[in-house]
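One structure is given below, encoded as C-alpha cells.
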Amino acid sequence: MMRTGAKEFVVVRPLYSEEAFAQDHEKVYRHGKTMLDHVKDYFTCDAKRAKNAALSLLPVIGWMKIYRIKDWLLSDIVSGVSTGLVAVLQGLAYCLLASLPPWYGLFSAFFPVVIYFFLGTSRHISVGPFPVLCLMIGSVVTRIVPDEGPALNITGLEGLTRDEQRVLVASSLTFLTGIMQLAMGILQVGFVVMYLSDTLVSGFTTAAAVHILVSQLKFVLGLTVPGISGPLSLIYTLEIIFNKITSTNVCDVVISLVIMVVVFIVKELNDRFKSKLPVPIPIEVIMTVIACGVSYAFDFKTRYGIDVVGHIPKGYESPIAPNLHILQETAVEAFPMAIVGFAVAFSVAKVYSVKHDYTIDGNQELIAFGVSNIFGASFKSFAASTALSRSAVQESTGGKTQIAGLLSAIIVMIVTLAIGFLLEPLPKSVLGAVVIVNLKGMLMQFRDIPYLWRRDKPDCVVWLGTCTAAILLGLDLGLAAGLGVELISVVLRAQFPRCSVLANIKGTDIYKDRKDYIDIYEPEGVKIFRIPSPIFFANIEFFRSKLVEAVGFNPLRVLRKRNKALRMIRKLLKKGDLQWTSKGFLNTSCGFIKESEDESNMEELDLPTDFKDLPVRIDWSTELPANIIVPRVDLHSLVLDFAAVSFLDISALKGLKTALKELIRVEVEVYIVACDPYILKKLHDCCFFDDEVQSSMFFLTLHDAMLHILKKHPESTEKKSDFDRIVTTVTVHHPEGSLRSRDRNAPETRF
C-alpha cells in the first residue's frame, strides 16, 4: 500500500561505477590553491580591502550608521541606567573574589566597557567583572601575595602595601591575558573556542560556582579565612571554616540570610512576571541601599564588629605599567583565563546575536577583549568578560546597542567620582550574599547530569570529569583536565565507531542496519559493511577486526590454509600418493594421509594462491582429497560503504590495502561505494592501486554496486522466491533514454 499523498518516481540512468561515471560526465578542472597562494592573498591589499578592514576593526561605525534614534535611544537609556546600577554592585561584590579592595571592581566595570563600545561586535552583552575570572585572579593573587606571611620574592613588590602588591599582581595578570587574547585575534585563531563544548563549559562553570560559594562563606559568616590556592584548596578552605565556625558573627549571618531570601524571592517574581513588568525590579540595588542606610544608622561596624567596605577613594588612580617578573610568574594561569573569558563572552554574545538577527565575529571579539583588558590593566582594573545576569538585565530592559553599555559605564563613573562614599558603611556580608544568590543559575546546572546520562553518556562523563577536576584541582588545572577528558572522548568515539552490516529494505533502494528492521533482504554470498567514521591510524585495526567479525572468517588464516593445502597436494602428486583422473583426485595410498607439519616461511603462505603445476584449479567449496580440510568461505562479494568516511591517513591506507588484498586473495570480490572524491584522488596520488587492488572496485552508490553484483552472480537470487526478492525497479542501461515515467519497453533489472 502506498501512503496517502506519497508519490513514486522512476529514475532511468545507467549503472555507474566511479570509472563509468567519470567517462560519461566530464569534471570541471579546478586549480587548488597552494600555501603560497593563500599567503599572497592574505597580504594583498587594495582600497576595498583596506576599507573593509577598517570597518571590521571598528564595528561601531557599522551599527551607528543604522542607529534609529527615535526607536532605540530611550530603550538604551533605560537599559544603561539599570545595567549601570547592577554593574556597580557586582563590581564591588566580584572584587572580593579577586581578593582585592572592593573599589577596584568599579574600575573593571568602567574601562573595559568603554573600549568594547568601539571594538566589540555584540550589541547586547554587558562587559565587566565575571565571577569565574575573578576567582581565577584571586587564586593567583593569594599565591603570590598570601594573606599571612611575606609575598613571593619578586622585583617591584618591595615597599608596597599588601593591597598595592595585590593590585599590581592583578593588573599585570590582566595585561598578559589581554596580550594573549589580542594575539589570538590578530592570528585569526578565534576557532579555539570550538574546542570548549557546551558540556565542558557547563561542568566548568558549575565547579566555579562551587568555588565561589565556598569563597563567600567567610564574608557571610564574618570569619577571617586566609586565601588558599592550588589543588584541594577548596577542601582546605572548608576545613578552616569548620574549625572557626564557633567564631561566626551572628549579625553577619542574619544580614546575609535576609538579603539572600529577599533577593531570591524577588528574582523569582521577576522571572515569573517578566512579560508584565516593564523592567525587572533591581532588588540587589534596593537591598544594598537599605543595608547601607541601616548599617550607617546603627553603626554596625563598631557595635557588632561587622566588616564593611570602608573608605572608597574618589576618582581614578594614575596608570601603571605591568611588572615583567609577575608576567613571567603568571604566564601559565593567564592562558586559561584568556580562553575562559573569551569563551563565556562569545557564547553569551552568540545567543543574543541569533535572537536579534545580526552577526558577530569571533576574531574581532578576541581583539576587543584583548585591547579592553590591556587598556583596563593600565588603570588597575582586572580581567573582564561578561556576567550572564548583567547581560540579561541589559537585554531584557530594552537595550538595543552598546550605547546602553556606554551609559552603564557612565553610571559607574558617577559613583566612582562623586557618590562612592555613600557605599562605605556597606557590610561585606551583603556583597557575599548577593554573589551567592546570583550563583543560582550556575549551580542549577547540576540538573543536567541525569539528562546527559540518559541522552549521551560520554558527554556526561566529560561534564562530571571537568566539574570534579575543577573542584579538586582548581579552575586552571581543572580546565586542562576537562579538555583532556573531552579530547579522549572524541578520540574514543572515532576510534571505536559503531560499525554495522547493512541489508536492503524490501521494495526500495534503501539499505539499513539489518539489526534494526524486520522486512529486509540479504542476497546469499553478499555482505554490506559500513563504518561511520574517518579511518586513521588509531582505528584501522579496529576496522579490520570488525570487518573480520562481519564476514565471519579471517581471510589471512583462510589464505594460509589454502596455500598450505596446495603444497600438500603438490607433494602428494609428486610422490604418487594422489592422482588426477577424469572424476577428480584419486587417493592411491592406503589409509588416510595425515597432514604434515609445514615448517616453511609463513610469508610465502600469505601470497596469492598459485595453481600452476596443478592439472586443475581447485574448487575450495567442494570436498578436498587426502583428508585435507580448509575453512569454507560462503562469501563471494563484500561491499564497503564509505559514505561516512571523511578522510584516510597513510596508516589507514596501508591497513586498508592489506585487508583488501587478503579478501581478494581468498576470491572475495570487494566493492567500495559512495567514496568521497577527495579520498579517491588521494588513493590515486598515493599509488594505492595495483594488479590486485583496482580502481574498478569503486561504485557511485551502494545500489549500483548491488545491481552489478546480482547481475554478475544471478545465483544469489535464484534460491529466493519472488516474494523475497527486492521489487525495486532500476534501469541498468538505456543509452537513448531520458528521465521519464515508467516505460514498459525500458530494459529493467528486478531482484
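Including glycine, each Cβ sits where the backbone N, Cα and C put it.
In TrEMBL this protein carries:
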- 73-94: transmembrane segment (TRANSMEM)
- 100-119: transmembrane segment (TRANSMEM)
- 165-184: transmembrane segment (TRANSMEM)
- 191-213: transmembrane segment (TRANSMEM)
- 219-238: transmembrane segment (TRANSMEM)
- 250-267: transmembrane segment (TRANSMEM)
- 279-298: transmembrane segment (TRANSMEM)
- 334-354: transmembrane segment (TRANSMEM)
- 366-383: transmembrane segment (TRANSMEM)
- 403-423: transmembrane segment (TRANSMEM)
- 461-485: transmembrane segment (TRANSMEM)
- 516-709: domain 'STAS' (DOMAIN)
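At the 8 Å Cβ cutoff, the transmembrane segment (165-184) and the transmembrane segment (334-354) share at least 3 close pairs (sequence separation 6 or more) and count as touching.
In this chain, the transmembrane segment (73-94) lies apart from the transmembrane segment (250-267): fewer than three C-beta pairs between them fall below 8 angstroms, excluding pairs fewer than 6 positions apart. Counting same-chain residues at least six beyond the ends of the transmembrane segment (334-354), those with a Cβ under 8 angstroms from any Cβ of the stretch are 121-125, 127, 130, 132-133, 136-137, 173, 176-178, 180-181, 184, 190, 192-193, 196, 198, 201, 204-205, 360, 362, 365-366, 369, 373, 383-386, 388, 391, 395, 475-476, 479-480. With respect to Cβ pairs under 8 Å, the transmembrane segment (279-298) is most closely packed against 250-267, considering the stretches 219-238, 250-267, 403-423, 461-485. Contact between the transmembrane segment (219-238) and the transmembrane segment (461-485) is supported: at least 3 Cβ pairs lie under 8 Å, counting only residues 6 or more apart in sequence. In terms of C-beta pairs under 8 Å, the stretch of 250-267, 403-423, 461-485 lying closest in packing to the transmembrane segment (191-213) is 461-485.
Sequence-distant neighbours of the transmembrane segment (403-423) (same chain, 6+ residues past either end, Cβ-Cβ under 8 Å): 67, 72-73, 75-77, 79-81, 83-85, 87-88, 91-92, 103, 106-107, 109-110, 113-114, 116-117, 125-127, 288, 292, 309, 312-316, 394, 397.
Computed over the domain 'STAS' (516-709), the whole-number mean pLDDT of the model equals 85.
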